[in-house]
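S.K.: Heads up, here are the entries from TrEMBL:
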DOMAIN    132-193  domain 'GRAM'
TRANSMEM  47-65  transmembrane segment
TRANSMEM  77-95  transmembrane segment
Amino acid sequence: MGFNRSINFIIDIFIKIPDKLFGIFYFYNMKIGYTLTEITWKLHLKLAIITTIGYGVILYAIQFISPLEKQSLTSIAFQSIFFGLVFGLGFTYLLQKKSKQITNFFTKNTESVSLDKIIYEGPANLYRGIEAVGGKIFLTETHLIFNSHKLNIQKGTTKIPYTSIQELLPCKTAKIVDNGLKVITKEGKTFQFVVNERETWVQHLREFMK
């Protein structure tokens, strides 16, 4: 019980971090996207290496601007490896285990839409600038609609008519996780989403685009 409470406490504190930085943890109509995109051990290791290098570079750069006593390269290397293992392996593993809890949390804070009949809906993120805005995708009879949840810095609704969609392009989020989807309109606008069960979303979108 104590261990589970500790995990829940960690999730409560850091629940917004993956949503803002990576957008990789996400949310009748028919529900899509509740099966989390699998993060393999190879990907865990890749995240750990990237985190280790990034954290090490930051610590090393601080040496030149901080008035505090300089750290040795050995100390910086040890801290970077520790942080990389904790975040790249441990933290992402816990988040994956708690994905349903996180999904339900954001789902409760996302309002539905009333444009027309909702046929499919599910959790998603939409990149607005550098922020991965969390919320839901709704597929209605005429539109793809994204509605952000209440906890975002940037809030609002994005509506894309199926008749304006030119192309659907699968992509990798942060060039690492294979769960991105670019929706390109005939006007040349690109909307980049992060979704689970991407192939299912693409299949239904193509049906509506016919």
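Please read every residue number as a count from 1 along the shown chain.
From the backbone N, Cα and C atoms, a Cβ is placed for every residue, glycine too.
No curator has checked TrEMBL annotations; they are predicted automatically.
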S.K.: In this predicted model, what is the average pLDDT of the domain 'GRAM' (132-193)?
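M.R.: Averaged over the domain 'GRAM' (132-193), per-residue pLDDT gives 90.
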S.K.: Reported in the order helix, strand, coil, what are the DSSP residue counts of the domain 'GRAM' (132-193)?
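M.R.: When I sort the residues of the domain 'GRAM' (132-193) into the three classes, I find 3 helix, 42 strand, 17 coil.
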